[in-house]
Amino acid sequence: MAADPKPEEISHPPMDQLQGLEYCIDSNPSWGEAVALGFQHYILALGTAVMIPSFLVPLMGGNHGDKVRVVQTLLFVEGINTLLQTLFGTRLPTVIGGSYAFMVPIISIIHDPSLMRIPDDHLRFLSTMRAVQGALIVSSSIQIILGYSQLWAISSRFFSPLGMVPVIALVGFGLFDRGFPVAGQCVEIGFPMLILFVICSQYLKNFQTKQVPILERFALLLSITVIWAYAHLLTASGAYKHRPEITQKNCRTDQAYLISSAPWIKIPYPRQWGAPTFDAGHCFGMMAAVFVSLIESTGAYKAASRLASATPPPAHVLSRGIGWQGIGILLDGLFGTMTGSTVSVENIGLLGSTRVGSRRVIQISAGFMIFFSVLGKFGALFASIPFPIFAAVYCVLFGLVASVGLSFLQFTNMNSMRNLFITGVAFFLGLSVPEYFREYTTKAYHGPAHTRAGWFNDFLNTIFFSSPTVALIVAVFLDNTLDYKESARDRGMPWWVKFRTFKGDSRNEEFYTLPFNLDRFFPPS
């Protein structure tokens, strides 16, 4: 008869840091490997950097040349913002990229009657771009003030591991519509990409060359190279010659018109589209997107800290990062990137897939962004990868980030009915409310908030389009009002409290100290 299992055999003790990572935040692979990994992060960041302008620029009246310039500008500023964040912000290995959270107010600006009446398409594009720039410049003050005043650090004392679980998880799960629904638009390249990436990164991860798990570490580059070549073969053979236009747009490798439209060398600069214009209504709507970006980034930073094998960022470090992100949105407005900034969720997922959470790798990827945005033709070559290839990878990487959020449940008591109620309701509403807003907008061509005050409509519609934002509102409210005094242990507060201050854990100094001895001017709290 088999002996009863011991308690340690059927349970796993909570762990502050994830196990099995090859390189943590401040350990670095060899320079050759770091450069290759940095290039891999750059390739992944191209997906969002191309998708957002490809959707918005035609609505504004822009042509292919305008789209290329916006993509180049977005990548250039992404590189600058990523360097600023990794050097002086949270110092976590996070890529700061374009954000979909700004879509609602930007589309509202595009459809402003005063701009729609402009007959010349190019002039309408420039006027719309300047209006978006002005709104971004003004609204960036939200994150700058909340970050540098430490107000966001003070607000974070209401966050518990339990309250953060739905927020972090929905940073990944909330992007489900950018996964297989996009990959399925060209299933003959999207599905093979998904299968090949999973096989290389998981089933063949023990295959090594010179003691480097090359298939696991470079699964993204290998898979994209193979499937991109396959897609080009289908395009060159005429497989899509008589297919519908939407299929050709999603599947062909020659439909982006980026390479032919890109200049050989072009350095983006502030006010390249002209002087920004300012409208109070546009600015109020954009402020909601900046607030959403702040919440999504808060969850993303905590996920990145786990996948970089670091401690959760102390409150003042998190607030410092939000302040620098506000400066990033200010730069977006000055340069004209067409959208604001947030933490790139897919690049956080890639940290876990490669098991390399090194800060240096992300800084190298920022160098690639700046370099290839200046050398337009070369950057446009990589940016012409069909969207379904990126979307297939998102299916894995977004899911990986979401599961990191679920891992915070280990610090809470999930045998508590209170905790089950809060977690379940926050998850469900975090998915259900934005889905209601999306369906309503698709059918009615406007959001559920539809009053005569356009800025008010944009504000509410933007807030409730975001799954992490809805989850934070619900989870943090319930967690701080339902028997919260008696439930500190169940909420995971004893584990969380030591990470609130810089000196609460000895490892914080190793992970989050500013370079160049700058902490003497900005002493940690």
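Including glycine, each Cβ sits where the backbone N, Cα and C put it.
Remember, TrEMBL labels are computer predictions, not curated facts.
TrEMBL lists 39-58, 94-110, 131-152, 158-176, 183-204, 219-240, 361-383, 389-408, 420-437, 459-478 with the feature transmembrane segment.
For the transmembrane segment (420-437), the list of distant contacts is 162-163, 165-166, 169-170, 173-174, 409, 414, 447-448, 461, 464-468, 470-471, 474-475, 478-479, 482: same-chain residues at least six beyond its ends, Cβ to Cβ under 8 Å. Looking at which of 94-110, 183-204, 459-478 has the most CB pairs under 8 Å to the transmembrane segment (131-152), the answer is the stretch 94-110. Beyond the ends of the transmembrane segment (361-383), by six or more residues, the same chain brings 28-29, 34-35, 37-43, 45-46, 49-50, 68, 71-73, 75-76, 78-80, 82-83, 86-87, 93-95, 256, 258-259, 261-268, 347 to within a C-beta distance below 8 angstroms of the stretch. In summary, the transmembrane segment (183-204) does not lie against the transmembrane segment (158-176): fewer than three C-beta pairs, each 6 or more positions apart in sequence, are under 8 Å. Counting C-beta pairs under 8 angstroms (sequence separation of 6 or more), the transmembrane segment (219-240) fails to reach the transmembrane segment (94-110), with fewer than 3 such pairs. In summary, the transmembrane segment (389-408) does not lie against the transmembrane segment (94-110): fewer than three C-beta pairs, each 6 or more positions apart in sequence, are under 8 Å. Remote same-chain residues near the transmembrane segment (39-58) are listed as 66-67, 70-71, 74-75, 78, 95, 97-98, 100, 103, 106-107, 110, 125, 218, 220-221, 224, 256, 258, 338-339, 344, 346-347, 350, 354, 361-362, 364-365, 368-369, 372, 382-383, 385, 387, 390-391, 393-394, 397 (criterion: CB distance under 8 Å, separation of at least six residues from the stretch ends). Counting residues 6+ beyond its ends, the transmembrane segment (158-176) has Cβ neighbours under 8 Å at 295-296, 298-300, 302-303, 345, 349, 394, 398-406, 408-409, 411-412, 419, 422-423, 426-427, 430-431, 434, 466-468, 471-472, 474-476, 479-480, 490-493, 495-496 in the same chain. Outside the transmembrane segment (459-478), and at least 6 residues removed from its termini, the chain residues within Cβ reach (under 8 Å) are 101, 103-105, 158-159, 162-171, 173-174, 284-285, 287-289, 291-292, 295-296, 298-299, 421-423, 425-427, 429-431, 433-434, 437-438, 441, 447-449.
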